[in-house]
Amino acid sequence: MNDLYQQIPAEKREKILQAAIREFAERGYDQASTNKIIQEAAISKGLLFHYFGNKKQLYLATFDHCVAQYMDEMEEMIPSLVDLPSDLFDRILYLSEFKYRYFLRHPLVYSFLLRAYSEISKKFPREVEERLHEYQKIAMPFILEGIDRSKFRDDLDLEKAMSLIYLCLHAIAQRMAEEALQQPEKGLEQWEEMLSDYKPMLEIFKHGVYRTNAE
């Protein structure tokens, strides 16, 4: 975020970002109109670009805002890591269901992030890599800290196993996003269906890395 962004009065910034979420969610990056955004936010185009620089920076700021709001709510709803399941796979499922419930309350954020997940990695790969690295540092404690490591097999390199699990789950999330984009009319109904498919995949991971008596 640039210094000018931080100088925007909070109420005005929220109006701009909500208008941007709606426009980018409904039309995607290429087709989104900054004219519609300024009309809904009731500001001038000159002021919009004074604060954000260009359409790309507005888009990235909107993306950052959506992710930050989600992380803030997760930290608020889960005040301590001890409140999370100690079983790694139960925790992953718990956090996935938390995300689903969050999107039910914020359907436009869901639509925006779904498009963004596909769009910005292709359009702005460097910026995406930087953001994913930062978000991973924030999210990983929710996934890994305080889990019951005694359930894992003794012959496993635990860090490598967790890295592999993370990469596989990331690939599954990418596939889920691509499938959801192909049937946008189904909305969050499709997310619920995919979450049901997610559960047996976690069981496969569990049986691969846990001790036989660790259920």
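First residue shown is number 1, and so on along the chain.
Glycine is treated like the rest: Cβ placed from N, Cα and C.
Listed ranges 13-32, 33-52, 133-152; the one TrEMBL annotates as DNA-binding region is 33-52. As a summary of secondary structure, the domain 'HTH tetR-type' (10-70) carries 54 helix, 0 strand, 7 coil according to DSSP.
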